[in-house]
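J.: So Swiss-Prot says this about it:
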- 8-28: transmembrane segment (TRANSMEM)
- 36-56: transmembrane segment (TRANSMEM)
- 85-105: transmembrane segment (TRANSMEM)
- 108-128: transmembrane segment (TRANSMEM)
- 131-151: transmembrane segment (TRANSMEM)
- 152-172: transmembrane segment (TRANSMEM)
- 211-231: transmembrane segment (TRANSMEM)
- 269-289: transmembrane segment (TRANSMEM)
Amino acid sequence: MLKRYLSITKPGIIFGNLISVAAGFFLAAKSEPASFLLLLTTLVGVGLVIASGCVVNNIFDRDIDQKMKRTQNRELVMGNINTDAAFVYALVLLLNGTALLFQVVNPLSAVVVLLGYVFYVFFYTMWYKRNSVYGTLVGSISGAVPPLVGYLAVTNYISLEATLLFVMFCLWQMPHSYAIAMFRMQDYRDAGIPVLPVKEGIAKAHQHMKAYVVAFGVVAIGLFMLGEAGYEYLAVSAAVCFMWTRVTFQKVDYNNYIQWSKSVFKMSLLVVMGISGVLGLELIPLPFIH
């Protein structure tokens, strides 16, 4: 039973988001005092709130999930978990995560994570995902909140750098999500989800993805230009952004779009891990680098 309740929190999504939380935290910690305990508390708090959002998403997406091969065996679709119990579970996760951030980290982090939760649950899950081709864009707003909360956990104020970080992860979400939609396009068609590749076609989605990847690279380098990140960050971010751009700009059609979109997706993960990793490493004094 414990395994079933764990599965509806979508641990993979939580882990991916916590990497971006750490990225924001590490970036802020370059100029503000921080501690490992603060990082751990922030990760736990944000993780609980994300888990709650994923549970609610599972509850409301039962009708969609049963139409998709990838999701038709989820616990709530199969009736293995009571819906009312899942709602209570989501509420407990949300209250504990928010309270932890509010009391131990700072109130601003708690407020921002709640705003992200509202966007994900009420705007994205309940409406835009089902009814609009712009659902991915709305979802990108909530998806960019975790790194922002990581940053605010250290600074407790919104700065130009924090705003740039938020915009950067909004931009990252778009080609990342479109890539997923492309290699799972039949599932999205079966469920009637109006994502851009399904509604407007592969060529249109490809154009959008190229634009977002380029914009992401510009903003990523912008963090260095503001003096918030070091030369190690510049080298790594430039390298991963170049690789992501190179893959994204490859020719794509109906014969190779599945393989191509999987490559774009994998590169998007490498980009986040590379940027997050180098921001963490820059906090460590390395005499042979500095």
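From the backbone N, Cα and C atoms, a Cβ is placed for every residue, glycine too.
Fair warning: this is a prediction, and the values are worked out from it, not measured in the lab.
Situate these features within the shown structure.
T.: For the transmembrane segment (36-56), same-chain residues at least 6 beyond its ends with a Cβ under 8 Å from one of its own Cβ atoms are 8-10, 13-14, 17-18, 21-22, 25, 86-87, 89-91, 93-94, 96-98, 100-101, 104-105, 109-110, 113-114, 116-117, 120-121, 125, 142, 146, 149-150, 153-154.
Nonlocal intrachain contacts for the transmembrane segment (131-151), taken as residues 6+ away from its ends with a CB within less than 8 angstroms of a stretch CB, comprise 17-18, 20-28, 42, 46, 50, 53, 101, 109, 112-113, 115-117, 119-120, 123-124, 161-162, 165-174, 177-178, 181, 193-196, 199-200.
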J.: Could you tell me what the rest of the chain brings near the transmembrane segment (108-128), counting residues at least six beyond its ends with Cβ under 8 Å?
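T.: 42, 45-46, 49, 52-53, 56-57, 60-61, 94, 97-99, 101-102, 134-135, 138-139, 141-143, 145-146, 148-149, 152-153, 156-158.
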J.: By Cβ distance under 8 Å, which residues at least 6 away from the ends of the transmembrane segment (85-105) in the same chain are close to it?
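T.: Distant Cβ neighbours of the transmembrane segment (85-105) are 5, 8-9, 38, 41-42, 44-53, 55-56, 58-59, 76, 113-114, 117, 149, 153.
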